[in-house]
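Q: Once you've had a glance at the structure underneath, I'll fire off some questions.
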Amino acid sequence: MAVQINPSILSADFARLAEEAKAVRGADWLHVDVMDNHFVPNLTLGVPVVESLARATGTPLDCHLMIEDPDRWAPQYVEAGASSVTFHVEAAAAPVRLAREIRAKGARASMALKPATPIEPFEDLLPELDMLLIMTVEPGFGGQAFLDLMLPKIRRTRELIDKHGLQLWLQVDGGVSASTIEQCADAGADVFVAGSAVYGAKDPEEAVDALRAQAEAATARASWGCNH
Ligand code: DX5
Ligand code: ZN
């Protein structure tokens, strides 16, 4: 699977979201961080903003739900226009049922793991998912330092994906930048969220292209997989 770069609008200007979406036309997806001030100590946006943003941009929306009770709320984000919906396994009561519901509604189903959540207990769930998100910071805020102790987890997850011959995308989120993206690609990630590294750059579009070039080069050199 080709490398994908998903700018996180958490680092964009919330008063100008439509323009900020246009500033990264080369992006594969727009990453939309939904926070409820309970699952994480920060509050961002909800269904009405996702609905408006979906109407305002042609770039598909990758909604990352950092909220309690995703079983109840996640389907509404599909209805609001998200093409991919990520819930946290730590918050989900019935992750398999929820993933199936997201898929049945027509979006890609994705599950996220906080840094202290291991991948191993979820090996049997992987075929139910279209993407797995490994958090490389504690969720809640942009601009935090990349936790390089997550690299072995990324590597082990890539091994599980290959072992089962799955088409699962492996996303990393948190502290992904020019100095860390190559390590992530080398470990087996193929979808890269970047907030401050894109919207904090002078030219966000150029930052997306540069991150993509770095990730592609590192993927080509990497030893994992056989279909990239
Ligand atoms: C953090 C969010 C991230 C955030 C990443 O909890 O999930 O998507 O925007 O921001 P950077 O890339 O600045 O670490
Ligand atoms: Zn995120």
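Cβ atoms here come from the backbone N, Cα and C positions, even for glycine.
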Q: Among His64, His88, which residue shares the divalent metal cation site with His31, Asp33, Asp173 according to TrEMBL?
A: His64
Q: Consider only the binding-site residues His64, Gly142, Asp173: which of them have a Cβ under 6 Å from an atom of ligand 2? Write none if no residue does.
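A: Near the molecule: His64, Asp173.
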Q: Spatially speaking, which of the binding-site residues Ser8, Asp173, Gly175, Ser196 is closest to Asp33 (divalent metal cation binding site)? Use C-alpha to C-alpha, please.
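A: Result for Asp33 (divalent metal cation binding site): the nearest of the binding-site residues is Ser8.
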Q: Taking the Cβ of Ser8 (substrate binding site) as the reference point, list residues of the same chain whose Cβ is under 8 angstroms away and which are at least six residues distant in sequence.
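A: Residues satisfying the criterion: His31, Val32, Asp33, Gly142, Asp173, Val193, Ala194, Gly195, Val198, Tyr199.
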